[in-house]
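First the structure, in the form of structure tokens, and then the observations on it.
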């Protein structure tokens, strides 16, 4: 099985909250697609609550689009990581980590302005697979933590696992 890009970086050395360019690729027509690792918590140290990350998923995608989309950038998708330490964001374009961090902070400020569960988009059984699993309070706590900590940048060259370690860790 091929090794996925996200598993070639040392999760024990990641900062959080932090932005990392996880992957960049070109479409056949020449457009740039960039995948960002938006790490909210330190891997293997903390996880986002299931209700908080789910509510954030509903709010964050829209708020990030409001702050980052433009003539050079269009967000394709923002999805929570299975490990519940952050989100992956795929987009057309190549914004800088600083632009993404600024949009992320602005989106967290927007989360704090949501006044009630009724203002959470698509929170109903027709548009959400687990409509009962939400907590605006927990989403706001996550947002407050990000704002208080600030957002740094994780760089692949600083986090790369050595080839010898990748071979040692390989599943046989």
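These residue numbers are counts, starting from 1, taken along the chain as shown.
Backbone N, Cα and C atoms are what each Cβ position is placed from, and that goes for glycine too.
The Fe cation binding site annotation in Swiss-Prot covers 54, 58, 128. DSSP classifies residue 58 (Fe cation binding site) as helix under the three-state reduction. There are 18 other Cβ atoms within 10 Å of the Cβ belonging to residue 58 (Fe cation binding site).
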